[in-house]
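Worksheet for the structure shown next.
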Amino acid sequence: MGRFISVSFGLLVVFLSLSGTGADFDCPSGWSAYDWYCYKPFNEPQTWDDAERFCTEQAKGGHLVSIESSGEADFVGQLVSENIQRPEIYVWIGLRDRRKEQQCSSEWSDGTSIIYVNWNKGESQMCQGLSKWTNFLKWDNTDCQAKNPFVCKFPPQC
C-alpha cells in the first residue's frame with residue numbers, strides 16, 4: 001500500500017510539473033514562454049520596419065509582439081522592465097497604422113485581430129510603442145523611423 005501511494009504521489013508531481021504553466025513547449029534559450037508563445041526583448045534600437053524584419057528572421061511565425069489580453073500586457077511589461085536596460089522612452093510592439101484607400105486602421109504585424117487595446121490617453125496613430133512612463137504597460141504612438149528596443153514573439157513549432 002505504501003508503494004502504491006509513493007508511485008501515485010510521484011506521478012502527481014510529474015503531472016503538476018508538466019501542467020499549470022500554460023507552456024507545455026520549449027522556447028529557445030533566452031526566450032520566455034507565456035500562453036503558447038515565445039517572447040524575447042532586444043536592446044538594440046531599430047526602426048519599426050527593421051525591428052519587424054528582424055523578428056520575422058528569428059523564427060517561423062515571428063513578429064513584433066502583439067498583445068491580446070491584459071495578462072499578456074502585464075507579462076510583456078514585466079519582461080521589458082527586467083530586460084531593457086536602455087534610456088529609450090519606447091519599446092516597439094507590432095501595432096501600426098496602415099492607410100488603406102483614404103482610411104487609416106491599426107493592425108498587428110502578425111495579422112491577429114485587435115481584440116484588446118491599451119492606448120495611452122489620446123494615442124492611436126503611427127507606430128506603437130510601450131511607454132516607459134507607464135512602466136511599459138500603455139501604448140503610445142511615435143515616429144516609425146525612431147530607433148527603439150523591441151520585443152519579438154512567435155508560436156513554437158510542435
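Glycine is treated like the rest: Cβ placed from N, Cα and C.
If you look up Swiss-Prot, you'll see 1-23 marked as signal peptide, on the strength of similarity to another entry. Residues or ranges marked as disulfide bond in Swiss-Prot: Cys27-Cys38, Cys55-Cys152, Cys127-Cys144. The annotation domain 'C-type lectin' is assigned in Swiss-Prot to 34-153.
Features recorded in Swiss-Prot, as mapped to the structure shown.
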{"residue": "Cys27", "record": "disulfide bond", "contacts (Cβ under 8 Å, 6+ apart)": "Ala33, Cys38, Tyr39, Pro156"}
{"residue": "Cys55", "record": "disulfide bond", "contacts (Cβ under 8 Å, 6+ apart)": "Gly62, His63, Leu64, Gly94, Ser109, Phe150, Cys152, Lys153, Phe154"}
{"residue": "Cys127", "record": "disulfide bond", "contacts (Cβ under 8 Å, 6+ apart)": "Trp48, Trp92, Leu95, Arg96, Asp97, Asn141, Thr142, Asp143, Cys144"}
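Per-residue pLDDT, averaged over the domain 'C-type lectin' (34-153), rounds to 85. Other C-beta atoms found within 10 angstroms of the C-beta of Cys152 (disulfide bond) number 24, with every protein chain shown included.
According to DSSP, the domain 'C-type lectin' (34-153) comprises 28 helix, 46 strand, 46 coil. With all protein chains in the displayed structure included, the most crowded Cβ environment within 10 Å among the disulfide-bonded residues Cys38, Cys144 is that of Cys38.
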